[in-house]
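Listed in TrEMBL:
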type     : residues : note
TRANSMEM : 6-24     : transmembrane segment
TRANSMEM : 31-50    : transmembrane segment
TRANSMEM : 56-78    : transmembrane segment
TRANSMEM : 90-116   : transmembrane segment
TRANSMEM : 128-146  : transmembrane segment
TRANSMEM : 171-189  : transmembrane segment
TRANSMEM : 201-225  : transmembrane segment
TRANSMEM : 256-275  : transmembrane segment
TRANSMEM : 287-307  : transmembrane segment
TRANSMEM : 319-341  : transmembrane segment
TRANSMEM : 353-372  : transmembrane segment
TRANSMEM : 384-406  : transmembrane segment
DOMAIN   : 421-486  : domain 'RCK C-terminal'
DOMAIN   : 487-567  : domain 'RCK C-terminal'
Amino acid sequence: MQYVYLLLFAGLIIALCLFINRLTDKLKVPSLLLFIAIGMAAGVALRPVFGNVTDYAMGNVICSVCLVLVIFYGGFGTNFKEARPVAGRALLLSFAGTALTAGMVGAAVWAIFRLLPFTPGLGWAESLLIGSVISSTDAASVFNILRSRRLNLKYRTSSLLEMESGSNDPMSYMLTVVFTAVLAAQYGAEGASMGAGQIVGMLAAQVGFGVLFGGAFGFLAVYILRKIPFNMGQGGTVFVLAIALLTYAVPSVLPGSWAGNGYLAVYICGIMLGNARIPQKRDCVRFFDALTGVAQMMIFFLLGFLATPEWLIRPEVLVPALLVFAVMTFLARPAVVAGLLAPFRAPLGQLGVVSWAGLRGVASVVFAIYAISVLGDDALPYDLFSIVFCVVIISISLQGSLLPALSRKFGMLGDSEDVLRTFTDYQDETDVRFVKVVVGETHPWAGKKLRECVMPREFLVVLILRGEEVVVPGGDTVVYPGDLLVTAAPEFENHDEFGMFEEYLGEDHPWAGKTVRELQLPDGTLIAMIKRGGGTVIPYGATELKAGDTLVCIKLTEKEHAKSAAH
């Protein structure tokens, strides 16, 4: 019966979080704070029934699974082509920056705990554990702030921050695992310790097996999705979910110091799948977008649920947390960002925004829970969970709330957003779909007024992009060669009559080099469009297919094909 109450409780909380998420656009505080607050309120309300809930082992399992989904989708959603100009800087911040931050914060923790009269003196491993746990910026928090506030930052800074925050969790986790293992050896036996060789070997295994399994599962998943059709509806999407979980689990279950970094593996796998030509990719995006949204809500709610409010305001928790946050935000992060990005001649405004945007979040608390679950609740001489939780709350509250204003102060807000991207966001909320039409020299609309162009009654040209100029058209607006027209039309909603699939043409594909009319397509099958390079080609009979093309095909269902044949 307890499981029924648990399911009832979980369902109510998820529904409540979803409704609150709709209201957060009107608020000036990050929505993730509200989920934490709901969790804390629920924990306080249920304490008379269940007692003080501090089941870190269960919390570690649930939060780790949710974090796997968030990191995988962070990689899956990374457009490497767009991020390539800043990829080097982002990865430098992700790995070298995270390690340097862990070291600087660890040194500060060592000094802070020795100077405060109400905190115990710590060894270097205990100090560096705190530094490692909070060394990474949080993807969920950064994505939430950038997208909910629609921050269009100059110099590809949004891409830089998203790629850094999506890829630095594996480094933070790796350092956390190392120092947790060092402390486990120290606490396990008198005088026990890990030598430098063991630490280097563990780091090598974390990186090596993480990269190996991430690449292997990514390659295998792309191959299977392209070659093997799934009979069940959305089978490809379910398969991608299974691959994400396997990619994390397999390197993580390797014995002892041979264990690989599952978070690094799942991030690499996500990048490979997200940037590959695979069928049902749009379905995957919609599925994981919803799933990771719920996962983020659940993580922040659960973290609030595990927290004990009166513990957070104890001097031995709150004062070190405030001092650690101050050192990390105003000293360590700016010094690391300036040191690593200054050689790239990054503008001062970009350095300021990147320094301030180092939000801490869910990953830090999840890694703290991992360390506690390995070492035991009472092994550490300080309350690791509460200290890290306080740092995260302060970070999201202060840095998240002030990031838009500071971006404006540093002159980092772009003048406009990508027009087509804005339309893509809007069309998801309506029954209208936007399509671009490129007008060439021989296009039948070239040189004509819009009122003279032959088009369906339900078809509307809403914008014309002419070089750097954006034209809001009227009936007398003349269409010129080279114009890009943004057009709107009602969405077709009944997809039961047909299915869509993609066919990638490799060098040895029998269709490569042939025209469309030369193909012997099955009855009821049509090539709707061709993805070629970075563009889209609408084919006709004489269109030649080339190696590297991805064909988007429409195929009638057997029932509809039979109807068509009968007529």
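Just so you know, glycine gets a Cβ as well, placed from its N, Cα and C.
Tertiary neighbourhood of the transmembrane segment (201-225): same-chain residues 170, 174, 177-178, 181, 236, 239-240, 243, 246-247, 250-251, 254, 257-273, 276, 278-280, selected by CB-CB distance under 8 Å and a gap of 6+ residues from either end. Between the transmembrane segment (384-406) and the transmembrane segment (319-341), the number of CB pairs under 8 angstroms, six or more residues apart, is three or more, so the stretches are in contact.
Remark: secondary structure over the domain 'RCK C-terminal' (421-486) totals 10 helix, 22 strand, 34 coil, with classes taken from DSSP. Below 8 angstroms of C-beta separation, residues 13-14, 17-18, 21, 32, 35-43, 53-56, 59, 62-63, 65-67, 69-70, 72-73, 76, 140, 144, 234, 237, 240-241, 362, 365-366, 369, 385-386, 389, 392 of the same chain, each at least six residues beyond the ends of the transmembrane segment (287-307), sit close to that stretch. Beyond its flanks by at least six residues, the transmembrane segment (319-341) meets 89, 92-93, 96-97, 100-101, 104-105, 108-109, 112-113, 116, 118-119, 130, 134, 350-351, 354-356, 358, 360, 382, 386-388, 390-391, 394-395, 399 of its own chain at Cβ-Cβ distances under 8 Å. Looking at which of 56-78, 171-189, 256-275, 353-372 has the most CB pairs under 8 Å to the transmembrane segment (90-116), the answer is the stretch 171-189.
Sequence-distant contacts of the transmembrane segment (353-372) (same chain, at least 6 residues past either end, Cβ-Cβ under 8 Å): 32, 56, 59-60, 63-64, 67, 70, 93, 129, 132-134, 136-142, 145, 153, 157, 160-161, 165, 169, 172-173, 176-177, 180, 296, 299-300, 303, 306, 328-329, 333-334, 337-338, 341, 346, 380, 384-385, 388-389, 391-392, 395-396, 399-400, 402-403, 406-407, 410, 412.
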